[in-house]
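Colleague: The structure is given below, and queries will be raised subsequently.
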(Lines of atoms letter the chains of each structure in order from A and count residues from 1; the text may use other names and numbers.)
(Lines give C-alpha, C1' and ligand atoms only; values in the text may rest on other atoms or scores of the structure.)
Protein backbone atom coordinates (compact mmCIF):
# COMPACT_ATOMS: atom_id res chain seq x y z
CA UNK A 1 0.00 0.00 0.00
CA UNK A 2 1.35 3.39 -0.98
CA UNK A 3 0.24 5.94 1.60
CA UNK A 4 0.45 9.22 -0.27
CA UNK A 5 0.29 12.79 0.89
CA UNK A 6 -3.20 14.23 0.61
CA UNK A 7 -3.26 16.74 -2.24
CA UNK A 8 -4.07 19.66 0.06
CA UNK A 9 -1.13 19.03 2.38
CA UNK A 10 2.20 20.83 2.45
CA UNK A 11 5.46 19.52 3.87
CA UNK A 12 4.64 21.32 7.12
CA UNK A 13 1.38 19.39 7.45
CA UNK A 14 3.13 16.03 7.65
CA UNK A 15 4.09 14.77 11.08
CA UNK A 16 7.63 14.74 12.36
CA UNK A 17 9.67 11.53 12.45
CA UNK A 18 8.64 10.46 15.97
CA UNK A 19 4.95 10.62 15.14
CA UNK A 20 5.63 8.98 11.80
CA UNK A 21 7.12 6.00 13.64
CA UNK A 22 4.25 5.94 16.10
CA UNK A 23 1.72 5.66 13.29
CA UNK A 24 3.48 2.59 11.93
CA UNK A 25 1.78 0.72 14.77
CA UNK A 26 -1.53 0.93 12.91
CA UNK A 27 -0.24 -0.99 9.91
CA UNK A 28 1.72 -3.33 12.15
CA UNK A 29 -1.50 -4.05 14.02
CA UNK A 30 -3.34 -4.67 10.80
CA UNK A 31 -0.60 -7.04 9.68
CA UNK A 32 -0.88 -8.86 13.00
CA UNK A 33 -4.56 -9.45 12.29
CA UNK A 34 -3.65 -11.11 9.02
CA UNK A 35 -4.83 -8.35 6.72
CA UNK A 36 -3.49 -8.84 3.23
CA UNK A 37 -1.19 -6.13 1.95
CA UNK A 38 -0.18 -4.77 5.34
CA UNK A 39 3.44 -5.92 5.30
CA UNK A 40 6.29 -4.27 7.16
CA UNK A 41 7.26 -2.38 4.02
CA UNK A 42 3.76 -0.94 3.84
CA UNK A 43 3.90 0.02 7.50
CA UNK A 44 7.09 1.98 6.80
CA UNK A 45 5.16 4.18 4.41
CA UNK A 46 3.68 6.02 7.42
CA UNK A 47 0.46 8.03 7.54
CA UNK A 48 -0.33 11.57 6.57
CA UNK A 49 -1.58 14.12 9.06
CA UNK A 50 -3.73 17.07 8.02
CA UNK A 51 -3.34 20.04 10.33
CA UNK A 52 -5.88 21.87 8.21
CA UNK A 53 -8.73 19.72 9.51
CA UNK A 54 -7.30 18.65 12.88
CA UNK A 55 -7.93 20.54 16.09
CA UNK A 56 -4.99 21.64 18.23
CA UNK A 57 -6.90 20.74 21.40
CA UNK A 58 -5.44 18.07 23.66
CA UNK A 59 -6.75 14.61 22.77
CA UNK A 60 -8.80 12.74 25.33
CA UNK A 61 -6.87 9.87 26.91
CA UNK A 62 -6.97 6.55 25.10
CA UNK A 63 -8.31 4.93 28.27
CA UNK A 64 -11.31 7.27 28.35
CA UNK A 65 -11.93 6.94 24.62
CA UNK A 66 -11.98 3.15 24.84
CA UNK A 67 -13.91 2.72 28.11
CA UNK A 68 -16.58 5.45 27.98
CA UNK A 69 -18.73 4.62 24.98
CA UNK A 70 -22.21 4.48 23.53
CA UNK A 71 -22.55 1.30 21.49
CA UNK A 72 -25.94 -0.15 22.38
CA UNK A 73 -25.25 -3.37 20.52
CA UNK A 74 -23.09 -4.24 23.54
CA UNK A 75 -25.25 -2.67 26.26
CA UNK A 76 -26.65 0.68 27.36
CA UNK A 77 -24.13 1.60 30.08
CA UNK A 78 -20.97 3.49 29.16
CA UNK A 79 -18.75 0.63 30.35
CA UNK A 80 -20.71 -2.10 28.55
CA UNK A 81 -19.03 -1.84 25.13
CA UNK A 82 -15.54 -2.36 26.55
CA UNK A 83 -16.74 -5.13 28.87
CA UNK A 84 -19.00 -7.00 26.43
CA UNK A 85 -17.28 -6.72 23.04
CA UNK A 86 -14.49 -9.23 23.59
CA UNK A 87 -16.23 -11.98 21.60
CA UNK A 88 -16.94 -9.73 18.62
CA UNK A 89 -14.98 -10.77 15.51
CA UNK A 90 -14.05 -7.84 13.22
CA UNK A 91 -12.14 -10.11 10.82
CA UNK A 92 -12.91 -11.32 8.21
CA UNK A 93 -15.12 -8.41 7.15
CA UNK A 94 -16.75 -7.16 3.99
CA UNK A 95 -18.78 -4.06 3.16
CA UNK A 96 -21.43 -3.95 0.43
CA UNK A 97 -21.65 -0.64 -1.47
CA UNK A 98 -24.70 -0.50 -3.72
CA UNK A 99 -27.77 1.44 -4.79
CA UNK A 100 -27.75 4.35 -7.22
CA UNK A 101 -24.28 3.78 -8.65
CA UNK A 102 -22.71 2.36 -11.78
CA UNK A 103 -20.21 0.04 -10.12
CA UNK A 104 -21.66 -1.58 -6.98
CA UNK A 105 -19.27 -3.88 -5.20
CA UNK A 106 -18.45 -5.83 -2.09
CA UNK A 107 -15.05 -4.98 -0.65
CA UNK A 108 -13.01 -6.52 2.15
CA UNK A 109 -11.67 -4.46 5.02
CA UNK A 110 -8.14 -5.41 3.98
CA UNK A 111 -8.68 -3.74 0.61
CA UNK A 112 -10.22 -0.65 2.19
CA UNK A 113 -7.17 -0.25 4.41
CA UNK A 114 -4.66 -1.31 1.80
CA UNK A 115 -5.88 0.76 -1.13
CA UNK A 116 -6.90 4.03 0.50
CA UNK A 117 -4.54 6.75 1.69
CA UNK A 118 -4.83 6.77 5.46
CA UNK A 119 -4.70 9.99 7.44
CA UNK A 120 -4.71 10.82 11.12
CA UNK A 121 -7.22 13.53 11.97
CA UNK A 122 -7.78 14.85 15.46
CA UNK A 123 -11.49 15.67 15.67
CA UNK A 124 -13.78 16.95 18.38
CA UNK A 125 -16.67 14.58 19.12
CA UNK A 126 -19.84 15.96 20.73
CA UNK A 127 -22.40 13.51 22.10
CA UNK A 128 -26.07 14.50 22.04
CA UNK A 129 -26.11 13.70 25.77
CA UNK A 130 -23.99 16.76 26.54
CA UNK A 131 -20.45 15.38 26.83
CA UNK A 132 -17.54 15.51 24.43
CA UNK A 133 -14.09 14.14 23.60
CA UNK A 134 -11.17 14.90 21.29
CA UNK A 135 -10.23 11.79 19.33
CA UNK A 136 -7.22 11.10 17.06
CA UNK A 137 -8.85 9.00 14.34
CA UNK A 138 -7.10 7.16 11.53
CA UNK A 139 -9.06 6.71 8.33
CA UNK A 140 -9.82 7.91 4.83
CA UNK A 141 -12.41 10.29 3.33
CA UNK A 142 -15.78 8.67 2.63
CA UNK A 143 -15.92 10.60 -0.64
CA UNK A 144 -13.06 8.50 -2.02
CA UNK A 145 -14.96 5.28 -1.38
CA UNK A 146 -18.19 6.62 -2.86
CA UNK A 147 -16.42 7.95 -5.94
CA UNK A 148 -15.08 4.46 -6.62
CA UNK A 149 -18.61 3.12 -7.25
CA UNK A 150 -19.58 6.03 -9.53
CA UNK A 151 -22.80 7.45 -8.01
CA UNK A 152 -25.58 8.32 -10.46
CA UNK A 153 -27.74 11.46 -10.48
CA UNK A 154 -30.33 9.59 -8.39
CA UNK A 155 -27.94 9.38 -5.44
CA UNK A 156 -29.36 12.08 -3.16
CA UNK A 157 -28.61 10.38 0.17
CA UNK A 158 -26.35 7.69 1.61
CA UNK A 159 -27.72 4.99 3.93
CA UNK A 160 -25.53 2.99 6.33
CA UNK A 161 -26.18 -0.26 8.18
CA UNK A 162 -24.42 -1.97 11.10
CA UNK A 163 -23.77 -5.70 11.22
CA UNK A 164 -26.44 -7.89 12.87
CA UNK A 165 -24.81 -10.50 15.13
CA UNK A 166 -26.79 -11.10 18.33
CA UNK A 167 -24.49 -13.97 19.28
CA UNK A 168 -21.56 -11.54 19.47
CA UNK A 169 -23.44 -8.33 20.23
CA UNK A 170 -25.61 -9.10 23.28
CA UNK A 171 -27.43 -5.77 23.18
CA UNK A 172 -29.13 -6.80 19.94
CA UNK A 173 -31.10 -9.38 21.92
CA UNK A 174 -33.03 -6.49 23.49
CA UNK A 175 -35.56 -4.21 21.80
CA UNK A 176 -33.71 -1.04 22.75
CA UNK A 177 -33.68 -0.06 19.06
CA UNK A 178 -35.02 -1.55 15.86
CA UNK A 179 -31.92 -3.53 14.85
CA UNK A 180 -29.75 -3.42 12.85
CA UNK A 181 -28.63 0.12 13.56
CA UNK A 182 -29.13 2.43 10.60
CA UNK A 183 -27.93 5.93 9.79
CA UNK A 184 -27.87 8.29 6.84
CA UNK A 185 -26.41 11.43 5.34
CA UNK A 186 -27.30 13.74 2.53
CA UNK A 187 -25.02 13.12 -0.46
CA UNK A 188 -23.22 16.47 -0.10
CA UNK A 189 -22.55 15.70 3.57
CA UNK A 190 -21.19 12.28 2.67
CA UNK A 191 -18.95 13.77 -0.04
CA UNK A 192 -17.63 16.52 2.23
CA UNK A 193 -13.86 16.17 2.83
CA UNK A 194 -14.35 16.27 6.62
CA UNK A 195 -16.45 13.09 6.59
CA UNK A 196 -14.21 10.19 7.53
CA UNK A 197 -14.35 6.41 7.45
CA UNK A 198 -12.29 5.47 10.50
CA UNK A 199 -10.29 2.24 10.78
CA UNK A 200 -8.16 3.19 13.78
CA UNK A 201 -7.52 5.58 16.65
CA UNK A 202 -4.42 6.65 18.52
CA UNK A 203 -2.34 5.12 15.72
CA UNK A 204 -3.67 1.60 16.27
CA UNK A 205 -6.46 -0.54 14.83
CA UNK A 206 -9.99 0.41 15.87
CA UNK A 207 -11.04 -1.38 19.10
CA UNK A 208 -14.24 -3.41 19.07
CA UNK A 209 -15.96 -1.05 21.50
CA UNK A 210 -15.26 1.92 19.23
CA UNK A 211 -16.82 0.43 16.11
CA UNK A 212 -14.30 -2.02 14.65
CA UNK A 213 -13.39 -2.53 11.97
CA UNK A 214 -15.02 0.41 10.16
CA UNK A 215 -17.08 3.34 11.41
CA UNK A 216 -18.31 6.70 10.22
CA UNK A 217 -17.04 9.98 11.71
CA UNK A 218 -18.92 13.22 10.94
CA UNK A 219 -17.40 15.74 13.35
CA UNK A 220 -19.98 18.53 12.98
CA UNK A 221 -22.86 16.21 13.93
CA UNK A 222 -23.81 14.58 17.22
CA UNK A 223 -21.98 11.35 17.92
CA UNK A 224 -24.86 8.95 17.27
CA UNK A 225 -24.59 9.80 13.56
CA UNK A 226 -21.23 8.00 13.61
CA UNK A 227 -22.53 4.52 12.84
CA UNK A 228 -20.20 1.68 13.81
CA UNK A 229 -19.21 -1.76 12.46
CA UNK A 230 -20.58 -0.94 9.02
CA UNK A 231 -21.51 -3.73 6.60
CA UNK A 232 -23.56 -1.86 4.01
CA UNK A 233 -23.48 1.55 2.36
CA UNK A 234 -26.28 2.35 -0.10
CA UNK A 235 -26.70 5.35 -2.38
CA UNK A 236 -30.42 6.17 -2.39
CA UNK A 237 -32.83 8.73 -3.83
CA UNK A 238 -34.99 9.34 -0.75
CA UNK A 239 -34.02 10.26 2.80
CA UNK A 240 -33.20 6.99 4.58
CA UNK A 241 -34.65 5.75 7.83
CA UNK A 242 -32.34 6.27 10.81
CA UNK A 243 -32.57 4.35 14.08
CA UNK A 244 -32.79 7.09 16.70
CA UNK A 245 -35.11 9.19 14.57
CA UNK A 246 -37.51 6.23 14.32
CA UNK A 247 -37.41 5.71 18.09
CA UNK A 248 -37.90 9.36 19.09
CA UNK A 249 -38.31 11.75 16.13
CA UNK A 250 -38.86 14.81 18.34
CA UNK A 251 -35.57 14.20 20.12
CA UNK A 252 -33.24 12.97 17.37
CA UNK A 253 -33.52 14.61 13.98
CA UNK A 254 -32.15 13.28 10.72
CA UNK A 255 -29.55 16.04 10.42
CA UNK A 256 -28.48 16.25 14.09
CA UNK A 257 -25.94 19.00 13.51
CA UNK A 258 -24.35 20.20 16.74
CA UNK A 259 -26.32 23.33 17.60
CA UNK A 260 -26.13 25.07 21.00
CA UNK A 261 -29.19 27.16 20.06
CA UNK A 262 -31.48 24.13 19.67
CA UNK A 263 -31.99 22.25 22.93
CA UNK A 264 -32.84 18.60 23.26
CA UNK A 265 -36.41 18.38 24.62
CA UNK A 266 -35.02 17.11 27.93
CA UNK A 267 -31.80 19.12 28.37
CA UNK A 268 -29.83 22.13 27.15
CA UNK A 269 -27.28 21.82 24.36
CA UNK A 270 -25.63 25.16 25.16
CA UNK A 271 -22.75 23.61 27.11
CA UNK A 272 -20.92 20.31 27.30
CA UNK A 273 -18.70 18.33 29.67
CA UNK A 274 -15.37 17.43 28.10
CA UNK A 275 -14.39 13.99 29.40
CA UNK A 276 -11.32 14.42 31.63
CA UNK A 277 -12.24 17.99 32.60
CA UNK A 278 -14.22 19.31 35.57
CA UNK A 279 -15.85 22.48 34.27
CA UNK A 280 -18.40 22.63 31.51
CA UNK A 281 -17.54 24.53 28.34
CA UNK A 282 -19.66 26.30 25.77
CA UNK A 283 -20.74 24.19 22.81
CA UNK A 284 -19.75 25.54 19.41
CA UNK A 285 -22.12 25.66 16.44
CA UNK A 286 -21.40 22.72 14.14
CA UNK A 287 -18.97 21.60 16.87
CA UNK A 288 -16.55 24.28 15.71
CA UNK A 289 -16.48 23.18 12.06
CA UNK A 290 -18.85 25.84 10.77
CA UNK A 291 -16.33 27.52 8.47
CA UNK A 292 -16.22 24.31 6.43
CA UNK A 293 -19.83 23.10 6.60
CA UNK A 294 -22.26 25.94 7.41
CA UNK A 295 -22.81 26.80 3.74
CA UNK A 296 -24.48 23.43 3.18
CA UNK A 297 -27.33 24.53 5.47
CA UNK A 298 -27.54 28.24 4.63
CA UNK A 299 -31.10 28.06 3.25
CA UNK A 300 -32.41 25.76 5.98
CA UNK A 301 -34.26 26.50 9.20
CA UNK A 302 -31.96 24.67 11.62
CA UNK A 303 -34.60 24.65 14.36
CA UNK A 304 -36.96 22.80 12.07
CA UNK A 305 -34.36 20.59 10.41
CA UNK A 306 -32.54 19.66 13.60
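Using N, Cα and C of the backbone, Cβ positions are placed for all residues, glycine too.
Pulled from Swiss-Prot, these are the listed features:
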- 69, 72, 73, 127, 162, 210, 215, 226, 227, 228: Mo-molybdopterin binding site (BINDING)
- 1-45: signal peptide (SIGNAL)
Colleague: What are the sequence-distant neighbours of residue 162 (Mo-molybdopterin binding site), meaning same chain, six or more residues apart, C-beta distance under 8 angstroms?
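Modeller: In sequence order, 73, 180, 181, 182, 227, 228, 229, 230, 231 meet the Cβ cut-off.
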Colleague: List the same-chain residues at least 6 positions away in sequence whose Cβ sits under 8 Å from the Cβ of residue 215 (Mo-molybdopterin binding site), in sequence order, or say none.
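Modeller: Listed in sequence order: 197, 198, 206, 226, 227, 228, 229, 230.
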